Structure formats: structure tokens, C-alpha cells
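Annotation comment: TrEMBL describes 83, 88, 165, 170 as Zn(2+) binding site.
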């Protein structure tokens, strides 16, 4: 099966970095399990991403941001040995799109970087955000900051760039290990989620627009 090749990589610890986990027994753990059920075949992903009745939107956002971070790390981990400064001297999505890195701290101005370095910095940055308990509270007794939705938009926009790079420059590798169906499902779930809650603009989604129009017809 196509999924087997992908799971073999996961079992061999080919992930880019350790997974971020939710504490069992918490509300977010339950939401995480519910969101993960979306990877089962035959489920309508457009319906799955909708906010469950009675649940808090920020909790739903937090769960998905962490899950997408984990999944995209796994996807990139499967091709990372083929993504180096020689093969990918810039963080691009074909000839038309190139991403420059800036974090406001070490890189105050946007700079051109090789794709693996860019993605390493991107994942470090996202990991720091989700591990910061003032931004991503662990306890439901602690309120989310008012800036939480805008932070999630920024995180998801940056994670999308990894999809862009992998699909345009490394999909042959994904195909060769038989993982394309799983990666496509992860992408569709991501796309339906960000569009359901207007978390990314059409301009930001443009690099994969043609592929998306074919893939996301349901």
C-alpha cells in the first residue's frame, strides 16, 4: 500500500525533529485525536475541519497548528537528505516563487538562504512558538493571547512554504517511496482547514493553485 512506505520512514525515526505531543486526558488531546481521524480514507475533509459544536476556536486552531507542524516535519524528513545546498541553493517553488527568511531577531532583514537552512530556521521558529506557554497555553485555565489567531496565520503561511518546496522540487522522492497518497491527504486537510477559517490569502496559496484545483474537487 502507498501508506506503508510513508509509515516505514516514520518508524525509522526519519522525522526532521521530535513530535510535539498533547497531554492525554486533556481537551486538546481529544481534539487532536478527532483531527487525526481525518487521515482515514473515505472521510470528507471539508466537513472534518469545521469547528465542532461547543468547542473553543483557539483550542481547535492550536491543535491543528501543532498537528500540521508534526505532519510537515514528517514529510520533509522523508526527503531532507535530498534537499541540500547544491540541489536547492534557494528556498523556492519553481522559477516563479522564492522565499526570503526574516525572523525579526537574528535575521532582521529578509535574506536569501538555501532551502534546507531556510526550512531548519522555519521549523525552529515554529517549534519555539508552540513551546512558548504564553503563546500556546498548556492549561485550559490559561487564556490564549489576543494575538493568537494572527500568530497561527503566520505559522501556517510559513509551513505552507514547505509544502510548496516539497511538491515542486522533491515530489519524485515522495512518489518513489509510495507516499504520495498520504502526502496528498495531509495537504488537502491543510488546505481545507486554512480556507475554512480564512487563515491564508489566495496570493499566498497561489504557488500550488493549479495542483490544488485538481486535487481538491470534493
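Start at 1 and count along the chain as shown; that gives each residue its number.
Each residue, glycine too, has its Cβ placed from N, Cα and C.
TrEMBL does not curate its annotations; it predicts them automatically.
From a predicted model like this one, the values you see are computed outputs, not experimental measurements.
Each of the binding-site residues 165, 170 was scored by the other Cβ atoms within 10 Å of its Cβ; the lowest score goes to 170. Close to residue 88 (Zn(2+) binding site) in the fold, though at least 6 residues off in sequence, lie 114, 115, 116, 165, 169, each with a CB less than 8 Å from its CB. Residue 83 (Zn(2+) binding site) has a Cβ environment of 20 other Cβ atoms inside 10 Å. Same-chain residues that are not part of 83, 88, 165, 170 yet have a Cβ within 8 Å of the Cβ center of the Zn(2+) site turn out to be 79, 82, 87, 115, 116, 119, 166, 169.
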